[in-house]
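S.K.: Have a look at this one before I ask anything.
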Amino acid sequence: MAGALSLRCRTGCTGGCEYGHKGKCRDSSLLSKRLSEDSSRHQLLQKWTSMWRSTSEDASVADTEKARLEEAAAAAEERPLVFLCSGCRRPLGDSLSWVTSQEDTNCILLRCVSCNVSVDKEQKLSKREKENGCILETLHCTGCSLNLGYVYRCTPKNLDYKRDLFCLNVEAVESYVLGSSEKQIVSEDKELFNLESRVEIEKSLKQMEDVLQALQMKLWEVESKLSFATCKS
C-alpha cells in the first residue's frame with residue numbers, strides 16, 4: 001500500500017498527499033514552470049540577439065557605404081582643376097599652382113602658367129584701385145590672342161605677395177576637373193544615330209510608303225472589278 005501511494009506521489013500529487021510529499025511535488029511543479037519560463041526567455045533573448053545582429057550588420061553596411069561615398073566626394077574635391085582659355089580652350093594652367101583668388105578684381109593668382117600663355121614685355125603701370133605703383137605685363141593666349149590678364153613685376157610693400165604671380169581674369173578662363181569625364185566608347189551595336197543614319201532611315205521609310213501606296217491601288221482595282229462583276233451578274 002505504501003509503495004502504491006509513493007508511486008502516486010511521484011506521478012503527480014496534487015494537494016492530498018498523506019505521506020509528506022506535498023512540498024516536494026509543489027517544488028517540482030514550480031521548477032518545471034521556471035524551466036519553461038527560462039526556456040521562453042532564452043528563446044526571446046536569442047530572437048533579440050538575432051535581430052540586433054541583423055540591425056548591426058545593416059548599420060555596418062550603411063556605414064561602409066557612407067564612408068565610401070564620403071571618400072569618393074573627398075577624392076572629387078581633391079581632383080585638380082585645369083584652367084582653359086575661354087576663346088580656344090587651350091590649357092593655361094592648373095590648380096596645383098594655385099595661390100589665391102580675389103573677388104574685388106575678379107581674378108585668380110597662379111605661380112606658373114603653361115606655354116600657351118605669352119607675356120608682353122612692354123610694362124605699364126596698373127590703373128586698378130589700390131594697386132598704385134604696380135608694374136604689370138600683359139598676358140595673351142598664344143592660340144587666339146585673347147587678353148588673359150597680367151603678371152606683376154613690381155609691387156609696393158603691401159602687395160609684395162603678388163609679385164611675379166600670374167593674374168588671370170575669371171571671364172577669360174574656363175575650368176575643367178580632371179577625372180570628371182564619364183564618356184565611354186560606344187560599341188558598334190549601340191552606336192548612336194548620326195545624320196547619315198537618319199538620312200538612310202528616312203529613305204527606307206519613304207520606299208516602304210511608296211510600296212504601300214502601290215499595294216493599296218492594286219487592292220482598290222481588284223475590289224472595283226469584283227464589285228462590277230457582282231452587279232453584272
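Every residue gets a Cβ built from N, Cα and C, even glycine.
What Swiss-Prot shows for this protein is this:
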type: BINDING; residues: Cys85, Cys88, Cys141, Cys144; note: Zn(2+) binding site
type: CROSSLNK; residues: Lys162; note: SUMO2 cross-link
type: DOMAIN; residues: 80-178; note: domain 'Mis18'
type: MOD_RES; residues: Ser36; note: phosphoserine
type: MOD_RES; residues: Ser39; note: phosphoserine
type: MOD_RES; residues: Ser40; note: phosphoserine
type: MOD_RES; residues: Ser233; note: phosphoserine
S.K.: Using DSSP reduced to three states, classify Cys88 (Zn(2+) binding site) as helix, strand or coil.
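M.R.: Looking at the DSSP assignment, Cys88 (Zn(2+) binding site) belongs to neither helix nor strand, so coil.
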S.K.: Kindly report the helix/strand/coil residue split of the domain 'Mis18' (80-178) according to DSSP, in that order.
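M.R.: Looking at the domain 'Mis18' (80-178) with DSSP, the answer is 12 helix, 51 strand, 36 coil.
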S.K.: Rounded to the nearest angstrom, how far is the Cα of Lys162 (SUMO2 cross-link) from the Cα of Cys144 (Zn(2+) binding site)?
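M.R.: For Cys144 (Zn(2+) binding site) versus Lys162 (SUMO2 cross-link), the Cα atoms are 26 Å apart.
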S.K.: Starting from the Cβ of Cys141 (Zn(2+) binding site), draw a 10 Å sphere and report how many other Cβ atoms land inside it.
M.R.: 21
S.K.: What count of other C-beta atoms do you get within 10 angstroms of the C-beta of Cys144 (Zn(2+) binding site), across all chains shown?
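M.R.: For Cys144 (Zn(2+) binding site), the count of other Cβ atoms within 10 Å is 13.
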S.K.: Within its own chain, what residues at least 6 apart in sequence put their Cβ under 8 Å from the Cβ of the residue listed as 'SUMO2 cross-link', listed in sequence order?
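M.R.: Once residues fewer than 6 apart are set aside, the residue listed as 'SUMO2 cross-link' is near Leu109, Cys134, Tyr152, Thr155.
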S.K.: Including all protein chains displayed, how many Cβ atoms other than that of Cys88 (Zn(2+) binding site) lie within 10 Å of its Cβ?
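M.R.: Around the Cβ of Cys88 (Zn(2+) binding site), 13 other Cβ atoms lie within 10 Å.
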S.K.: Which are the residues of the chain, Cys85, Cys88, Cys141, Cys144 excluded, whose CB is within 8 A of where the CB atoms of the Zn(2+) site average out, their centroid?
M.R.: Ser86, Gly87, Arg89, Arg90, Asn116, Thr142, Gly143, Ser145, Leu146
S.K.: Does Cys85 (Zn(2+) binding site) have same-chain partners at least 6 apart in sequence with Cβ under 8 Å from its own Cβ, and which are they?
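M.R.: Sequence-distant Cβ neighbours: Pro91, Leu92, Asn116, Cys141, Gly143, Cys144, Leu146, Leu148, Ala172, Val173, Glu174.
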